[in-house]
Amino acid sequence: MSESTMPPPDRRPGPAERLREAVSNGRLTAALILLPPALVLFTLFVILPLGESGWYAFYDWNGYGTPEDFVGLQNFEQMFGHSVFSVAVGNTVKILVISLVVQMPLALLLALLVYRQTPTNAVFRLIFFVPYIMAEVAAGLIWSFVFDGNYGVTASIATTLGIDKFFILADRDLAFYAIMVVIVWKYFGFHMMIYIAALQGVPDDQIEAARIEGASRTQIVRHVQIPYIRPAIAVSAFFAIIGALQVFDIIIPLTNGGPSNQTHTIVTYLYEFGLTRLRIGFGSAVGVVLFIVAVLVAVFYQRLFMRKAAS
Amino acid sequence: MAEVRLENVAKAFGSLTVIPDLSLHVPDKSFTVLVGPSGCGKSTLLRLIAGLERPTRGTVRIGGEDVTTKEPSKRGISMVFQSYALYPHMSVARNIDFGLRITGVSKEEREARVAEAARILALEDHLDRKPSELSGGQRQRVAIGRSIVRNPKVFLFDEPLSNLDAALRTQMRVELAELHHSIDSTMIYVTHDQVEAMTLADQIVVMNKGRVEQIGSPMDLYDRPASVFVAGFIGSPKMNLISGKRFGNPEAETVGVRPEDMELTEGQGYEATARVVETLGSDTIAHVRVDELGDLTVRLPGHMRLRDGERLRVTPNPDRLHYFDADDRRMETARA
């Protein structure tokens with residue numbers, strides 16, 4: 001047999017060969033039938049609005065009629081020069097940090113306490129998960145009552161302790177900390193569930209082997225369980241980061257961005273200074289910046305951390 | 001001195017009693033195999049010795065010391081699990097020295113002990129690899145290495161060869177026997193495979209429904225099974241168990257005869273038909289239907305050629321019969 005007729009041992013199929021294979025095994029037909037509806041919907045409701053938003057960002061437009069007043073990069077210049085935008089970015093970063101530093105460890109701690117399948121743990125899991133399944137607006141309203149200095153829980157505390165009434169949500173320095181408490185309370189259950197699912201996958205005999213070798217409870221968590229659930233922690237952190245960039249509907253019922261615009265996040269800033277003031281072009285510019293940041297974070301995080309964790 | 005004693009130990013999980021009342025002595029430096037069918041309580045018994053379960057009642061002593069309420073790490077034992085229980089994120093070396101690291105053993109001593117274990121188990125070239133890069137047999141050796149470096153008084157093995165293929169199982173069996181000879185420690189080994197039990201053990205403990213059916217050396221159990229259960233469990237192919245009445249011995253409820261204690265005879269013996277003939281090379285196993293006694297198994301020399309359906313005559317060796325009473329216990333006196 002001549003050398004030319006011998007196929008190389010690790011030869012990969014070429015495009016034409018792959019197409020022939022897809023036709024013969026029905027994958028091409030399946031793709032032609034199933035792909036167009038999803039593609040059309042995705043294009044109509046995601047790609048086109050994104051493209052339009054990018055286009056509006058270069059116009060001074062109030063949302064009525066056709067955008068005609070082309071302003072170039074003026075919306076972006078205004079945004080980056082606006083002090084409230086800096087506050088909003090700072091607040092978004094604070095939420096990001098608090099999610100990673102407080103919310104995730106708290107969720108992990110609680111997950112370690114309740115991950116084993118017992119009836120008591122099931123009750124606690126449900127209790128811890130309730131805030132997450134509650135609508136954001138409802139949660140915001142509940143907490144606005146808690147923080148209400150006249151009639152809420154804080155009013156009762158002030159009366160009981162015999163101190164002056166205090167209005168946390170009206171305090172420029174404290175309001176955002178109160179919001180961060182609500183955010184941690186609202187979303188820790190979600191991260192806890194991710195960890196619970198992962199912890200239940202850690203083989204019992206690995207934990208028992210560590211016990212036999214003399215590992216304490218803390219050492220088992222540190223050396224056996226956390227390394228084992230590292231991919232789940234990476235996913236959880238990814239959701240925490242993306243979630244921090246999107247915080248909106250907790251803040252509106254609590255402070256609506258106040259007092260003195262001190263509790264805005266990027267999204268509430270977009271809503272307040274773009275949509276409610278009918279400056280759709282400006283809002284679009286904020287949206288474009290937010291989208292680019294989110295995509296960059298997602299891509300870099302996936303490449304840097306999630307693959308590493310999975311390996 | 002690392003004998004293990006269990007005194008009137010009982011274990012229940014809620015309303016389910018797994019071990020009703022069990023006493024057992026495992027001599028120092030012995031290789032004791034706990035064997036029995038699935039669900040007989042042998043793994044639970046091993047976990048009670050390890051301290052992974054607390055007995056509902058009774059006492060566990062290791063080396064004369066009462067360890068019933070002691071933590072697993074304080075009992076001087078190590079355990080090799082069926083699934084190996086290796087930490088996937090650690091290298092082989094770190095898996096082996098994990099217990100030493102967390103208990104604060106110095107680096108020099110850790111390295112020396114790991115090197116010694118790696119030498120014994122031929123793992124020197126694999127110390128930097130992760131468990132996922134090893135074969136099943138190598139993973140099993142790492143799990144054993146993790147046990148060795150702790151210098152335990154008692155090694156516990158929970159079905160350690162179950163996940164290996166037949167060839168590797170045979171090889172690892174030999175390696176375990178060699179390991180026992182070289183480190184000369186007490187070993188307690190759980191298996192449901194009676195071949196492993198017969199080949200590895202100094203002492204076999206046959207368990208059934210949470211109770212000890214018989215304790216003895218492999219050949220004791222083989223030659224003098226104390227009950228119908230042991231007679232049927234030890235030996236492959238299984239002992240033929242025939243109704244005493246059909247066998248012409250009304251004194252015995254059951255008469256047992258091992259397949260190799262039956263022979264083909266000419267002109268005399270029970271008439272039979274060969275149902276299925278299995279040729280194994282070294283042996284030929286004939287499953288025959290004996291007109292008077294029912295279905296029996298006969299082990300014949302490997303060169304013996306029989307056809308399915310062939311008519312033949314079989315005769316049990318009268319000196320190698322086992323008699324059992326109505327309680328399925330061995331009878332020493334019944335003779336046809």
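FYI, residue positions are counted from 1 along the chain as it appears here.
Backbone N, Cα and C define each Cβ position, glycine as well.
Taken from TrEMBL as is:
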- A:28-51: transmembrane segment (TRANSMEM)
- A:89-301: domain 'ABC transmembrane type-1' (DOMAIN)
- A:95-115: transmembrane segment (TRANSMEM)
- A:122-146: transmembrane segment (TRANSMEM)
- A:174-198: transmembrane segment (TRANSMEM)
- A:232-252: transmembrane segment (TRANSMEM)
- A:280-301: transmembrane segment (TRANSMEM)
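Listed by sequence, the residues of this chain that lie at least six past the ends of the transmembrane segment (A:95-115) yet keep a Cβ under 8 A from its Cβ atoms are 121, 124-125, 128, 180, 183-184, 187-196, 199-200, 221, 225-226, 233, 236-237, 240-241, 243-245, 247, 265. Among residues of the same chain six or more beyond the transmembrane segment (A:174-198), those with a C-beta under 8 A of the stretch's C-beta atoms are 91, 94-95, 98-99, 102-104, 106-108, 110-112, 114-115, 125, 128-134, 136, 139-140, 143, 147, 168, 228-229, 231-233, 235-236, 239-240, 243, 247, 250-251, 254-255, 258-259, 262-263. Remote same-chain residues near the transmembrane segment (A:28-51) are listed as 19, 22, 291 (criterion: CB distance under 8 Å, separation of at least six residues from the stretch ends).
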